[in-house]
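Feature list (source: Swiss-Prot):
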ACT_SITE  HIS75  active site
ACT_SITE  ASP119  active site
BINDING   TYR55, GLY57, GLY59, ASP76  Ca(2+) binding site
DISULFID  CYS38-CYS98  disulfide bond
DISULFID  CYS54-CYS144  disulfide bond
DISULFID  CYS56-CYS72  disulfide bond
DISULFID  CYS71-CYS125  disulfide bond
DISULFID  CYS78-CYS118  disulfide bond
DISULFID  CYS87-CYS111  disulfide bond
DISULFID  CYS105-CYS116  disulfide bond
SIGNAL    1-21  signal peptide
Amino acid sequence: MYPAHLLVLLAVCVSLLGASAILPLPLNLVQFTYLIQCANKGSRASYHYADYGCYCGAGGSGTPVDELDRCCKIHDDCYGEAEKMGCYPKLTMYNYYCGTEGPYCSTKTDCQRYVCACDLQAAKCFARSPYNNKNYNIDTSKRCK
């Protein structure tokens with residue numbers, strides 16, 4: 001074997017070892033996005049909810065700024081309950097359908113049912129809550145105490 005081949009093989013092995021330490025991405029985020037789109041047909045894109053208020057997006061603290069932000073806090077709390085049940089809500093994949101009357105869950109295990117119900121409840125809550133552009137990308141260090 002040529003020295004260059006050994007170097008390439010070594011580089012691949014080192015890369016794979018490094019990749020094994022990387023945390024997995026939230027797999028059901030895509031499903032949650034589709035549930036939001038199904039519940040909010042013709043409305044704003046789901047990414048508008050990723051940095052809204054004190055609770056929509058990563059983390060959360062303080063008092064929700066409005067009804068929509070309360071939807072996100074309830075969703076966070078629901079995921080917290082799922083974790084207490086031994087579920088991994090950000091990694092749990094589930095089955096759902098987008099019917100003419102909106103999304104609904106159709107899944108088998110307790111964790112899948114619970115996590116899908118959390119996401120479904122949030123998506124429907126988003127659909128009925130007004131969106132205030134002033135609460136998008138707020139300074140959480142000042143407004144979320």
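Each Cβ is built from the backbone N, Cα and C atoms, and glycine gets one as well.
Note: the CA-CA distance between TYR55 (Ca(2+) binding site) and HIS75 (active site) rounds to 9 Å. Between the disulfide-bonded residues CYS56, CYS98, CYS105, CYS144, the minimum number of other C-beta atoms within 10 Å of a residue's C-beta occurs at CYS98. Same-chain neighbours of the Ca(2+) site beyond TYR55, GLY57, GLY59, ASP76, judged by a C-beta within 8 angstroms of the site's C-beta center, are, in sequence order, CYS54, CYS56, ALA58, GLY60, CYS72, LYS73.
In this structure, the CA atom of CYS71 (disulfide bond) is 12 Å away from the CA atom of GLY57 (Ca(2+) binding site). In this structure, CYS98 (disulfide bond) is part of a beta strand by DSSP. Calculated from their C-alpha atoms, the gap between CYS56 (disulfide bond) and CYS111 (disulfide bond) amounts to 22 Å. Nearest neighbour of CYS98 (disulfide bond) by Cα distance, taken over the recorded positions GLY57, GLY59, ASP119: ASP119. When Cβ neighbours within 10 Å are tallied across all protein chains shown, the highest count among the disulfide-bonded residues CYS54, CYS111 belongs to CYS54. Fewest other C-beta atoms within 10 angstroms, among the disulfide-bonded residues CYS72, CYS78, CYS116, are seen around CYS78. When the C-alpha distances from CYS54 (disulfide bond) to the recorded positions HIS75, CYS78, CYS87, CYS105, CYS118 are tabulated, the minimum falls on HIS75. Of all the recorded positions listed here (ASP76, ASP119), it is ASP76 whose C-beta has the fewest other C-beta atoms within 10 angstroms. Fewest Cβ neighbours within 10 Å among the disulfide-bonded residues CYS71, CYS125: that distinction goes to CYS125.
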